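The domain 'Amino acid permease/ SLC12A' annotation in TrEMBL covers 132-303, 413-690. The domain 'SLC12A transporter C-terminal' annotation in TrEMBL covers 818-1070. Positions annotated as region 'Disordered' by TrEMBL: 1-67, 949-969. The transmembrane segment annotation in TrEMBL covers 129-151, 163-188, 223-243, 255-274, 280-309, 412-432, 452-473, 551-569, 575-597, 609-633.
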Amino acid sequence: MPTNFTVVPVEDVEDGSNSPAASEENKPISLGKIFQDQENVDNLQESHSDDGQQESSPFISLDNDEEQSYDGKNMALYEEEMDSTPMVSSLLNKLANYTNLTQGVREHEEAEDGTFPGRLRSVPQMGTFIGVYLPCMQNILGVILFLRLTWIVGTAGILESFAIVFMCCVCTFLTAISMSAIATNGVVPAGGSYYMISRSLGPEFGGAVGLCFYLGTTFAGSLYILGTIEILLIYIVPTATVFKESNNEAMLNNIRVYGTCCLILMALVVFVGVKYVNKLALVFLSCVILSIMATYAGVIKTLIPVCLLGNRSLRGEMIQSCSKMEVVKNVSVRTNLWDFFCTNETCDEYFLLNNLTEIKAIPGLLTSVFPLENLWSHYGPAGTMIEKENHYSVPAQVPSNDKNKYFVFNDITTYFTLLVGIYFPSVTGIMAGSNRSGDLRDAQRSIPTGTILAILTTSFVYISFVVLFGACIEGVVLRDKFGYSVNNPVIGALAWPSPSVIVIGSFFSCCGAGLQSLTGAPRLLQAIARDGIIPFLHVFGHGKANGEPTWALLLTVGICEIGILIASLEEVAPILSMFFLMCYLFVNLACAVQTLLRTPNWRPRFKFYHWTLSFLGMSLCLSLMFICSWYYALVAMLIASCIYKYIEYRGAVKEWGDGIRGLSLNAARYALVRLEEVPLHTKNWRPQVLVLCKLDADLSVKHPRLLSFTSQLKAGKGLTIVCSVLEGTYMNLKENAKTGEQNLKQAMAAEKTKGFSHVIVSSSLRDGFSILIQSAGLGGMKHNTVLMAWPAAWTQHRESSARRNFIETVRETTAAQQALLVAKNIDSFPDNHERLKEGTIDVWWIVHDGGLLMLLPFLLIQHKVWRKCKMRIFTVAQMDDNSIRMKKDLQKFVYELRLDAEVEVVEMHESDISAFTYEKTLVMEQRSQMLKQMQLSRTEREREAQLIHDRNTASHSSMSDKAAGATSDHVHMTWTKDKLINERNKQREGMAVKDINQTNVRRMHTAVKLNEVVVRKSKDSELVLLNMPGPPKNKKGDDNYMEFLEVLMEGLDRVLLVRGGGREVITIYS
C-alpha cells in the first residue's frame, strides 16, 4: 500500500464539545492533534520506548485517544472491542494524516531554523529523478573514476578491465534487485540498508552488517578526502608541501597532514550545519556531470605530446624540449635534459645510448590507429619502469638507480585482484535512494526505478570509458598513475577543452562526497544506537537538541582519521570494499530468505526478483570479497562475527518478525518431522527432561536448585521443559500464569538452564501433572525423563494430596515409559557457581533399569561442578550369588561401557527380622490409619477409632471382659490428642506380631538393611543414586510406599532416586 498520504479536512468528532477548535471544521487536522501522545513526528525514534511501540504495532501508528465516546454509534455489538482495538474509520483517518519523513538531514535543518514546531508538515514531493536517480549517480561516480580508472585500464588491459567492471556492475545490479524487493515491501525509515537487513534477518545480523556498513561509509569518507588532497598537492598546488623531500615517504606525510586538516574542516562544516552540505550537493553533482561530458568530448583530439627516452616515459615536469640538442640563433645547444642525466661530465649510460622520441599521448579516435598493446595486461612489481612495447631501446650495461626519479615507474606491485579491490568502491552508493524513502512522493515506485536506472547509466559510463581510454590513450600514458608524463591527471589530458575541467571538477566532487560520508555515517550509527541492540553504543544515540548526532560524528571523525593516516587510496579502497560487499551480501541473503520462506508479510510491489538472482548476487559478493583480498575478507567476517555474538549474548531482545526466525521455524518443523519418521536409537538417547517445578505464594520458583541440577545434567544439550501447575480456572488465573511463566524464565536464566518454560492452570494439581506428562513437547521432541523434588513435607500435611500426587506421578511416568528422577534435599545440591574439589558419586545398582543409573553420573561429571568427582558403582549380592564372579563381570561391563568407575559388590545375607523393623512397620501402619482418620467426619472418626482400639487390644483383653462383650459405654470414645497418645502407647505395648502385615514387614526389612549398607558405604559421598522401587499395584498400600522410600533414604544428604523408562539407554557398541 502507498506510504504517503494527503491530509484531508475531517470533522473533529473526538472532543464532542463546543470549543472554538471544534468549530473549525474546514481546516485540516494537524498531526499534533491526531497523534496526541507524541511531541512531534521527528521524535518517533527519539527514545527506545517509542521504537519498541512502533515496532510492535502492525500498522504505522495505533496510538489510542485518551477519551473515546461511543454515543450515537450503531456498533454497540463491538463496544467492548473498541476499548482495545480501533474502528477501521479511525485507523484510516490516522494513516491518511501520516507522513513518513526519515530522521535525517531535513529534520535537523528545519529544527535549526525553528520552522518545524507547530507547522503542518507538507507531503514530500520528490520524484524518481531528483529523489533517487541523481543521488545514486552522485554517490556512484567519484574519486576512482577520475584518479584511478585510466591506470586500471592501462595496467589490466581493456579485456581484463572490462571483466573487472562487468563483475562489479553485475554484483551491484543484482543487489539492487534484491534491495528493491525489500524496500518495496514496506516503509524504510532512517538507517537504509541497516533497517532493511535488521528487519529481514534479525537484530544480530542487522547490527553486525549495520556496523560494517557504517565502517564502510566512514572509510569511504577517508577515501574521498585522500582523493581531494591528492588532487590538491599533485595538480593544483604541488609546491604547497610541508615535507620538501622528493621521496615517496615525504609525499605520504604531506597527505597525512593536509588530510587531517581537511577532515577537521569538513567535520566542523557538518557540525555547524548540514544544511550547507545539502545546498552544495547540486553543485557537486554538476561538477561530476560536467567532468564526464568533457571527457566524452575530448576523445577525438590528438594533442598533448609525451616524451620517451628509448622506450621509457619521462616525467613531463622536467622537459622543455623533447630532444638532446636544440637550435638557438642558428647554434646547436644542449637542452636541459643534460643537466638531469649528466653530472661532472659523467652521463647516464642509458641517456647516451638512446634517443628521445615524442609521441602523442592522446591519439584520439580520428587517427584510426587502435593501440593493440592496451588490450593486454601489464602487471609488474614496484619500481618497474613504464616502457612502450615494440619501441627501439638500447639497455644500459650498468643501471643508474639515482636517475630513476626522472622516469615514470610503478609505485606498487600490481596484479588482477588488487585492481578489483581498488575499483569496487567506484560502484558503491546504490542505496542512496533507499535512504531517502521518506522524501519521495511514491517510494515503492521510485526506489526500484531510480536505483536500477542509475546503475545502468553508471555501468554504461564505466564500460564506455574502459573502451575509450584503451582506444584513445597511449599505453605508457595509461599506466602513468599520477599523470607525471603529461603534468595532469590522465583523464584530464583527454578532457576538452582543458585538463583544468577535470582537475576542478574532480576536486569539488571528492569534497562533496567526503562531506556526504561524514553526514551520512553518524546518522547511520545513531539509528543503530537508538535501536538499542548494542548496549555500548547507547551514548551515540544522543546529540544536540535538534537530534544532530554529535557523539556519533566524533567517533566517525576518529575512525576516518585512521584511513587518512594510511595515506594511500590503494590501501584504503580494499578495506571499504570488504564492508560494502558484506553489506550487499546480506541484502541478497535477506531477499533470498524471505522469498524462499514465502511469509505472508512478504508482498513487495517490485515483482522482478527471484531467489536465484539473490543467491547469485550473494555468491558473487562473497567471491569478490576473497578476490579483492582474502585476509581483509577474513578480518571483515571476524569483525561481523564478533558483533553478531556480542548482540546475541549481551544485546537487547528484539522481535522484528525477521526471516531468520522464520527460517528457524521451517528448519525446526523439518527436523521434527524427520525425528518422527525413524525411532530413536540407543546411541542417540539422552535425557530430554520435563522438570516439574513448584511455585510458592509469590509465584516464585520454590526450588531453584532443581534448575541448577538440570543444567548440570544437560549442559545445554537436548530438550528441557520447565513446567508448573496452578490450581484453579484459567479465566481467573491467566495473569498469574503469565507471571509465573516469566518467573520461571528468569529463574532459568539465573541458573543458566537452556530450555522452555510453561505454566498451565488446571482444576487440580494431579490433572495438571498428568496433562504435562502426556502432552509436553512436540513431535519427535518430547521428553523422556521427568525430574521432580522429593515431597519432604508429605508427612506434615493433614491432607494426603501431596502423597497422592507424587505416587500418581510415579505411576503415570511408568505407564508412559518415561524415566523418573526424584531429588531428595534438592536445596542442598550445589549450584552452578560451586566447584566440588573432591568426592564421589555413588551408584547403587540394585535392578537393571536400562542403564540410566550408569549414564547419569557420566553426564554429571562432564559439568564443571562435578568434574573432579569420581564414580563408584555398588551392587548387592544375595546368598546364592557368587560375589567374586559378580565383581569381575561388573568390571568388564563397565569397561566395555567406556566408563571410568570403581566397582564394589556388597553382600546382604538373609538375617532375622529385627525388633526395630517391626517397630518401624508398626509405626508406619499406625500413621497410615491415623491419616485416614483425619479425612473422615466426626461421627466416622469416633466409630473408626473404636474399631482400631478393639482390633489392636483384643488379644490382651481379659476373659471376663471378653465374655461380657462390648457395651455401649465401651464403644463411645471422644477423639482427643491425649487419648490418641494413650491408645498408641497401649498398642505398642500389647500388639501381637502376628497381626502386622507380613508383606510390609519384609519390605521394611529390605529398606532398613539396604539403608544401613548405603549409609555405611556412601554417607560421605557428594551424591547417591538409588534404584527407585515401583509403587504397589494395590493403591491401598500407597501410604506404606512413601514410608519405604523414606526409610531407604534416611541418613543420606543428597539422594537421586532413579526409575528407568523401560528401554535401554546405554550400549557397549560403537
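First residue shown is number 1, and so on along the chain.
Placement of Cβ uses the backbone N, Cα and C atoms for every residue, glycine included.
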Other parts of the chain folded back onto the transmembrane segment (412-432), taken as Cβ under 8 Å at six or more residues beyond its ends: 132, 135-136, 138-145, 148-149, 152, 155-156, 160-161, 164-165, 167-169, 171-172, 175-176, 179, 192-193, 216, 220, 223, 377, 379-382, 451, 454-455, 458-459, 462, 569-570, 573-574, 576-577, 580-581, 624, 627-629, 632
Within the predicted model, mean pLDDT of the domain 'Amino acid permease/ SLC12A' (413-690): 87
Stretch-level contact, the transmembrane segment (255-274) and the transmembrane segment (223-243), CB cutoff 8 A, at least 3 pairs: yes
Same-chain residue ranges lying at least 6 outside the transmembrane segment (551-569) that approach it to Cβ under 8 Å: 143-144, 147-148, 215, 218-219, 221-223, 225-227, 230, 252-253, 255-256, 259-260, 263-264, 267, 270-271, 422, 517-518, 521-523, 525-526, 529, 539-540, 542-543, 575
Contact set, same chain, for the transmembrane segment (163-188): CB under 8 Å, 6 or more residues outside the stretch: 3, 60, 100, 152, 156, 195-196, 200, 416, 419-420, 423-424, 426-428, 430-431, 434-435, 437, 443-444, 447-448, 451-452, 455-456, 458-459, 462-463, 466, 581, 584, 587-588, 590-592, 594-595, 601-606, 608-609, 613-614, 616-617, 620-621, 624
Which of 129-151, 280-309, 452-473, 609-633 contacts the transmembrane segment (223-243) most, counting Cβ pairs under 8 Å: 129-151
